[in-house]
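Participant: Dumping the structure here so I can ask a few things about it.
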């Protein structure tokens, strides 16, 4: 390649009579290689931690390691660079990096589901094809302009042969990085949305088209006219793999997985098949990663794929591929772009390269009737470049198809496309802030004839059955139907792309080999079937099941956005404990508790947490509900829910108002001091009492006086001991379901003292007592928090949001 200098070095040969004629590997080469791996991995993870607030992928952090070693930075110090990457160690790094690249391609194929690709909807396929049209038509012209702008005043030479450069230049601009898109959607909390599902499906199809173009066109840029035989033989290899090898492997795997007969030797043969497939395509004249990708694509998806990825993805993605992608950064000489007078025009070419796929996708989405903002967002997502684009760039570099300036311009465009997607979408789309601008959404404010829209969140099939039991109690009628959006919460890890793709399938049964589903897929399929059965059993209940794949630390944001998009009035959450065989509540997963608390703090509608004590065993035609009313917005919302449930035939509702008197009515003045004025409206006891009396009067006049199955009573409470005594007496009477308010806005000194002993703050004082194993209740509990009063605070003080005062006006 022009303007490069060949590096020569001496190799000492030890024992020349032996077969392997080389130096002492353990003494000279292995320490250097180990240091290079450690340096690359550690620095890339440091960069990843730095870039994480900007929602950047690991790919960018790995490229940044190479940029750090370029001449403008550490590369200017020759001794430092040679210490990290000595000439004698380059071949070892390149070898290990390409092995990592082969297995990376294999895992990429393993993540993509061939059945989903073959049965994709036409709309997604058309948008993916449209996203290729503009780059294919206009990219060659931009390459010609670049040569004209740069060639006139450039200080570094351009490639002499342009035909091959035209091909790779164009193909790179058509590529979409499907794994990167999935990661971006997860970070931006868009996976569950209609836009996210469309983007994920289209990205998978676009990535497939990129592999097809890579397989068909790249050989021509390397072998010229003789590539015809390479392409034909490669196509024959792929057809044989899909239609001959795949059914045989599928039969073998189904038998092994079904009997759980896997052992390490069989897995070794599977992994060696990656290298064998790579060798075949390399022998045919195509790139070795084509064989690895096809091999991963034809292997069965499910338990086997999940197992292979769990044991290999961290090693391949965490240790081997950083060596390859950091090399991309080392080759990126940004000075070659700015070291010539016409650099503004060259920079304009870079920006135009970034705009091609966006404009092409935007035109297609407008044709299909999508909003311009959604079309722009989809175009940005599909413009994300991943490993495939960088692989082709490095092939062009290694084959001397691109010289330094061309490589720098195109690599800059590819990296820029990937970097700007998350910040731009976060700024334009703002998925986290949309719900803050909405009006109050509570069940108390719903009209009698209005549709009740709720979000039901579950983690497993047992919770799904539990939540369905409480949904059945909401008295869905044709006049007032119930629309349930069931969210199956799946933890997002680095290997969850296949689970995300499964979320876009209408039916999990489309997979071949149903018995080969992973545990996560079996769980989501069971949950979907459970909710679908509910929709079929009740004409007035409409069900939509969605898989929300996200990190558990931020999955509450996905729930916020789902509630906003579905215009929900209630979010139902399962308690983080389940009923054991001994009749006590035991922890299912402590992380679920954190999720519930996070949801209650900033939810975009009312929230209910359901503590299930075998509620499904209670006959719905003979249901007794006990609603405890202390006062405040949460209790009014709880009463609204209980009132709605009381419409079910055979349901008996008892409302007990607990009147706080004397010591129990004392106001906790410390709240006034620490709230710094924010709670001036919240702690207005008289105002809240007026709202309580008004709502209870309406309830007694409308419900109690007109229906024998609804009763109302009042109990005086003078101190904290009286509260416990009242709860014990009510428990003796018995009920099937307690409905209580979380009590977020109560400012009673007695309840503030009880908070110090609460194990589950998200349930409030009364809810925590009723759910405690020490209380000994056998009844289920529904704890309700009304939207619009600041959300739950995890400390002893209950704070409101900054926009509380305007919300209080709407409530009053």
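In case you wondered, yes, glycine gets a Cβ from its N, Cα and C as well.
Note that the coordinates shown come from a computational prediction; the quantities given were computed from them, not determined experimentally.
I grabbed these lines from TrEMBL:
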TRANSMEM  30-51  transmembrane segment
DOMAIN    45-424  domain 'Cation/H+ exchanger transmembrane'
TRANSMEM  83-106  transmembrane segment
TRANSMEM  126-146  transmembrane segment
TRANSMEM  166-186  transmembrane segment
TRANSMEM  198-220  transmembrane segment
TRANSMEM  226-246  transmembrane segment
TRANSMEM  267-295  transmembrane segment
TRANSMEM  315-334  transmembrane segment
TRANSMEM  346-370  transmembrane segment
TRANSMEM  376-395  transmembrane segment
TRANSMEM  407-429  transmembrane segment
DOMAIN    485-617  domain 'Cation/H(+) antiporter central'
DOMAIN    623-787  domain 'Cation/H(+) antiporter C-terminal'
Participant: Please work out which recorded stretch in 83-106, 126-146, 166-186, 315-334, 407-429 has the most C-beta pairs separated by under 8 angstroms from the transmembrane segment (346-370)?
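Facilitator: Per the Cβ count, the answer is 126-146.
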Participant: Rank 30-51, 83-106, 166-186, 376-395, 407-429 by Cβ pairs under 8 Å to the transmembrane segment (315-334) and hand me the top one.
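Facilitator: Highest pair count goes to 83-106.
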Participant: On average, what pLDDT score does this prediction assign to the domain 'Cation/H(+) antiporter central' (485-617)?
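Facilitator: The average pLDDT of the model in the domain 'Cation/H(+) antiporter central' (485-617) works out to 80.
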Participant: Do at least three C-beta pairs under 8 angstroms join the transmembrane segment (83-106) to the transmembrane segment (267-295), pairs 6 or more apart in sequence?
Facilitator: yes
